[in-house]
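J.: My questions all concern the structure below.
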Amino acid sequence: MEKTLETVPLERKKREKEQFRKLFIGGLSFETTEESLRNYYEQWGKLTDCVVMRDPASKRSRGFGFVTFSSMAEVDAAMAARPHSIDGRVVEPKRAVAREESGKPGAHVTVKKLFVGGIKEDTEEHHLRDYFEEYGKIDTIEIITDRQSGKKRGFGFVTFDDHDPVDKIVLQKYHTINGHNAEVRKALSRQEMQEVQSSRSGRGGNFGFGDSRGGGGNFGPGPGSNFRGGSDGYGSGRGFGDGYNGYGGGPGGGNFGGSPGYGGGRGGYGGGGPGYGNQGGGYGGGYDNYGGGNYGSGSYNDFGNYNQQPSNYGPMKSGNFGGSRNMGGPYGGGNYGPGGSGGSGGYGGRSRY
């Protein structure tokens, strides 16, 4: 059927819903099969897809997989019932991360703290609480103000009692709070960002995402693993999310994770330079572990380059998850489990789902 202006939004809506229904399941026993994985997760609802990732040559499990539910409510029910134990092993379920997001700084880091940008002067703590408490139990809310003038800097933090609310919230790029557009991020301290950044230079291969030259690495315990980046690191060879123009875009002096770094060096989220967005203006700096630079540019409402096409959460059977070299199977390469030499270059495939 020929696509029309009416059918395209419907198809996009359907695809976006599917993206929110996918869970990544890490730490699987090598004995776990699709059947046992499906049998376990079907206690929370109907699965539309279930896969255990395997080496294309040996057919040995890589220790992780994906399940896709028929509704977002079923995903929420499954996550609310953690911990999960399959075949005698406690596994790690997480919301699947989009392909475009997977190479960005902190995309796979587990945190309970959420950064909220775009907070206006008329937005108070209770507005944030009313909006975000539907996602999970909130521990603390902070709206950052200027120490001298007392005026709001335009950003704040919401801390939950669990990481899953944060994972769920950041899947949705745009949020409207008190009538204003807001944007959310995982809030990583300077130490956490330095750990993420330093992992790029560690031994072993990369995460299996991003540049297909990575590969050769493991997602879990084993030689040269523990989220260590290879020659191209966690995303591309130019660092974490190079060219990611922060809040409002522009030339930047470090941007949101360009080559100067997302937490160290001159720029980035906790760096000592221009920082989160482009030069000048923005959300100010010098807050606790989060700032030595500015949190963004004065053109926050431009939303930088965030207006992207819908992303694919988790590998899709016809599109796959990342690089362009590994065409060895529908879900590509890379390793998750202990040991092993890793895949041959990320999640393979050029096409989209």
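A Cβ is built for glycine as well, from the same backbone N, Cα and C atoms used for every other residue.
Below are the features listed in Swiss-Prot for this protein:
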MOD_RES   THR4  phosphothreonine
MOTIF     9-15  motif 'Nuclear localization signal'
DOMAIN    21-104  domain 'RRM 1'
CROSSLNK  LYS22  SUMO2 cross-link
MOD_RES   LYS104  N6,N6-dimethyllysine
CROSSLNK  LYS104  SUMO2 cross-link
CROSSLNK  LYS112  SUMO2 cross-link
DOMAIN    112-191  domain 'RRM 2'
CROSSLNK  LYS120  SUMO2 cross-link
CROSSLNK  LYS137  SUMO2 cross-link
MOD_RES   SER149  phosphoserine
CROSSLNK  LYS152  SUMO2 cross-link
CROSSLNK  LYS168  SUMO2 cross-link
MOD_RES   LYS173  N6-acetyllysine
CROSSLNK  LYS173  SUMO2 cross-link
MOD_RES   THR176  phosphothreonine
CROSSLNK  LYS186  SUMO2 cross-link
REGION    193-353  region 'Disordered'
COMPBIAS  202-223  compositional bias 'Gly residues'
MOD_RES   SER212  phosphoserine
MOD_RES   ARG213  dimethylated arginine
MOD_RES   ARG228  omega-N-methylarginine
MOD_RES   SER236  phosphoserine
MOD_RES   ARG238  omega-N-methylarginine
MOD_RES   ARG266  omega-N-methylarginine
REGION    308-347  region 'Nuclear targeting sequence'
COMPBIAS  320-353  compositional bias 'Gly residues'
MOD_RES   TYR331  phosphotyrosine
J.: Here's one to test understanding: among the recorded positions LYS104, LYS120, LYS168, LYS173, THR176, whose C-alpha is closest in space to the C-alpha of SER149 (phosphoserine)?
T.: LYS120
J.: CB neighbours of LYS137 (SUMO2 cross-link) within 10 A?
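T.: So the number of other Cβ atoms within 10 Å of LYS137 (SUMO2 cross-link) is 9.
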J.: Looking only at DSSP and grouping its letters into three states, which state does LYS173 (N6-acetyllysine) belong to?
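T.: For LYS173 (N6-acetyllysine) - judged by DSSP and reduced to three states - the answer is coil.
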J.: Three-state secondary structure of LYS168 (SUMO2 cross-link) from DSSP?
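T.: Reduced to three states, the DSSP call for LYS168 (SUMO2 cross-link) is helix.
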J.: For LYS173 (N6-acetyllysine), which of the recorded positions LYS104, LYS112, LYS120, LYS152 has the nearest Cα in space?
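T.: Closest recorded candidate to LYS173 (N6-acetyllysine) by Cα: LYS104.
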J.: Select the closest residue to LYS112 (SUMO2 cross-link) from the following recorded sites, measuring between CA atoms: LYS22, LYS120, LYS186.
T.: LYS186
J.: Which residue, out of the recorded sites LYS22, LYS112, LYS120, shows the minimum number of other Cβ atoms inside 10 Å of its Cβ in this structure?
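T.: If we count Cβ atoms within 10 Å for the recorded sites LYS22, LYS112, LYS120, the smallest count is at LYS120.
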J.: Please list the DSSP helix, strand and coil residue counts for the domain 'RRM 2' (112-191).
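T.: Counts, helix then strand then coil: 18 helix, 33 strand, 29 coil.
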J.: At the Cα level, what's the spacing in Å between LYS120 (SUMO2 cross-link) and LYS22 (SUMO2 cross-link), rounded?
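T.: Here the two Cα atoms lie 34 Å apart.
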J.: For the recorded positions listed here (LYS168, LYS173), which one has the lowest count of neighbouring CB atoms within 10 Å of its own CB?
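T.: Looking at the recorded positions LYS168, LYS173, the Cβ with the fewest others within 10 Å is that of LYS173.
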J.: With helix taken as DSSP H, G or I, strand as E or B and everything else coil, how many residues of the domain 'RRM 1' (21-104) land in each class?
T.: 24 helix, 33 strand, 27 coil
J.: Report the same-chain neighbours of LYS152 (SUMO2 cross-link): residues 6+ apart in sequence with Cβ closer than 8 Å to its Cβ, ordered by sequence.
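T.: For LYS152 (SUMO2 cross-link), the qualifying residues are ILE119, LYS120, GLU121, THR123, ILE143, ILE144, THR145, ASP146.
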J.: Tell me the Cβ contacts of LYS186 (SUMO2 cross-link) under 8 Å, same chain only and six or more apart in sequence, or just say none.
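T.: Expected: GLY106, VAL109, VAL111, LYS113, LEU114, PHE115, VAL166, VAL170.
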J.: If you average the pLDDT over the motif 'Nuclear localization signal' (9-15), what number do you get?
T.: 59
J.: Give me the CA-CA distance between LYS22 (SUMO2 cross-link) and LYS168 (SUMO2 cross-link), in Å, as a whole number.
T.: 11
